[in-house]
Amino acid sequence: MSKPATVTNCRHDAFSQRPSFQMSVWWWLAAQVFSLWPTWVWMSRRMFDGSDDPLGILAIAALAFTVWQIRHRLIQTPRLSWLFAGLAATLAATASVGTLPALLTGVISMLAIAATLLAFLPDDVARLPVIGLAILALPLLSSLQFYAGYPLRVITAEISLWLLTLFYEVQREGSTLLVNGRLIMVDAPCSGVQMAWLGYFTACVTALWWRLSNRQFLLRLPLVGILVLSGNILRNSVLVALQASHHHVADWLHQGIGLLALGLVCLGIGLLIGYRTTATPNPPAAQAETALPRSGFKSKKRPFIYHAGAAFFVLCTLWTVKTTVAQPETSGTGQSTFVEWPHQWHGNTLRPLALSEVEQRFAQGFPGSIARMTDGSRMLVFRHVTSPTRMLHPAADCYRGLGYQIKNEQLQADADNRLWRCFIAIRQGNALQVCERIEDTHGRAYTDTSAWYWSALTSSQSGPWTAITIAQPAGMGHTIPPAI
């Protein structure tokens with residue numbers, strides 16, 4: 001009669017210890033998250049200041065939902081390899097604050113969080129989708145657009161050319177298409193960066209939902225890229241064909257075609273990832289309840305490990321606070337190169353204006369010089385660049401960061417047949433026409449910042465380059481920037 005009672009008591013003891021174990025896991029994660037606070041400050045600023053799309057919130061929510069859904073199945077003996085990987089990545093992220101770019105520090109921080117999660121998640125949760133969501137949580141769309149946007153637009157334009165040649169006379173120059181004598185720009189949204197983000201996000205979420213293995217997920221991942229590229233090319237070809245046929249493509253139609261293509265791509269990815277899987281979504285909490293991991297530490301050593309980890313995270317937090325506070329304040333604009341700026345613009349005398357406080361802070365690390373001028377009716381910003389840099393932002397990104405809505409982005413030619421990238425920026429009922437281009441000393445010009453970056457990075461001819469941005473009230477009569 002005593003044997004059943006012993007079993008019952010053992011079960012009672014095991015279940016009574018589980019809340020304490022789960023609290024240890026949450027405290028461990030909370031301490032690690034807190035120690036990486038510089039990354040969260042940077043991410044929040046980047047997501048909500050308009051300089052990047054806040055899509056990373058979806059990835060964070062998906063990760064949180066996954067962990068919360070299986071919170072009762074977290075393993076009690078964490079995998080030491082993943083746990084120590086999380087500690088090492090946390091240490092690397094702490095050491096990189098102030099020395100590496102914030103995006104790289106953010107990547108290391110998110111990998112640290114992912115490694116710690118994988119130390120506690122059950123065996124039936126694939127590792128690759130968790131790591132994928134951790135990376136997608138970062139505000140990296142603008143950086144991807146800058147570095148990969150132009151190559152993707154060139155690929156999209158080239159394959160669209162093959163399709164459109166069946167119906168039109170088409171030529172390609174860079175990322176622009178000349179269709180029946182009409183110049184059509186393959187703009188940033190047509191690069192497919194956002195579609196790729198949402199496509200891989202769908203793949204990661206679907207893989208976690210259907211409990212795919214790492215091998216199953218990895219084998220289907222190349223097909224995800226093919227679906228994204230095909231959907232983006234189809235969308236671009238339809239839009240170019242409509243414009244080449246002299247149809248006015250309204251904003252709602254342009255966005256509708258894009259959303260339709262995105263929906264079809266995400267639907268296809270969802271079906272692809274979940275196709276013929278033998279797993280069942282959301283296995284009950286009772287499954288694998290007693291499964292033990294292949295490696296871990298004994299229960300007697302568990303409190304010591306948790307306490308040592310907490311002390312480690314406290315030290316990391318103190319170090320980042322010390323590093324942030326001790327960073328020296330830089331003074332001046334950092335513009336050591338003398339540049340002779342133009343004195344006239346289209347016959348009008350240019351008057352120099354002082355840089356704003358934000359522009360002065362930006363100019364501190366800028367590789368070159370910045371000048372802001374006016375001819376009485378227009379605002380002109382000249383940026384003299386001495387080396388390829390990510391700091392030469394597209395004007396559209398700068399205006400989005402200031403709270404403007406960007407519309408009607410297109411290429412326009414001036415009186416000297418020079419191309420400019422122009423758009424309308426709207427805020428609080430006020431509309432500005434903004435045009436920009438980049439020129440070098442060898443006569444070459446660029447209307448795409450990403451195209452300039454890759455050309456400057458790979459060309460044997462070095463700079464300097466001059467980026468010109470003109471802003472004027474929309475409808476004031478100067479629809480195209482005049483020549484200097």
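Here the Cβ of each residue, glycine as well, is placed from N, Cα and C on the backbone.
A quick note: this is a predicted structure, and the numbers were derived from the prediction, not measured.
Per TrEMBL, these features apply:
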type	residues	note
TRANSMEM	25-43	transmembrane segment
TRANSMEM	55-71	transmembrane segment
TRANSMEM	80-97	transmembrane segment
TRANSMEM	103-121	transmembrane segment
TRANSMEM	128-148	transmembrane segment
TRANSMEM	192-210	transmembrane segment
TRANSMEM	217-234	transmembrane segment
TRANSMEM	254-275	transmembrane segment
TRANSMEM	304-321	transmembrane segment
- Counting Cβ pairs under 8 Å to the transmembrane segment (25-43), which of 80-97, 103-121, 128-148, 192-210 comes out on top? 103-121
- Okay, the transmembrane segment (254-275) and the transmembrane segment (192-210): do they have at least three CB pairs under 8 Å, pairs separated by 6 or more? yes
- Note on the structure: Outside the transmembrane segment (128-148), at least 6 residues beyond either end, the same-chain residues with a Cβ under 8 Å of its Cβ set are 43, 46-47, 51-56, 59-60, 62-63, 66, 103, 106-107, 110-111, 113-114, 117-118, 121, 188, 191, 193-194, 197, 200-201, 203-205, 207-208, 212, 214, 217-218, 390, 394, 397, 449-450, 453
- Message: I need to check the long-range neighbours of the transmembrane segment (55-71): which residues 6 or more away from its ends have a CB within less than 8 Å of a CB in the stretch?
- Response: 22, 43, 47, 117, 121-122, 125, 130, 133-134, 136-141, 194, 197-198, 201, 204-205, 208, 282, 285
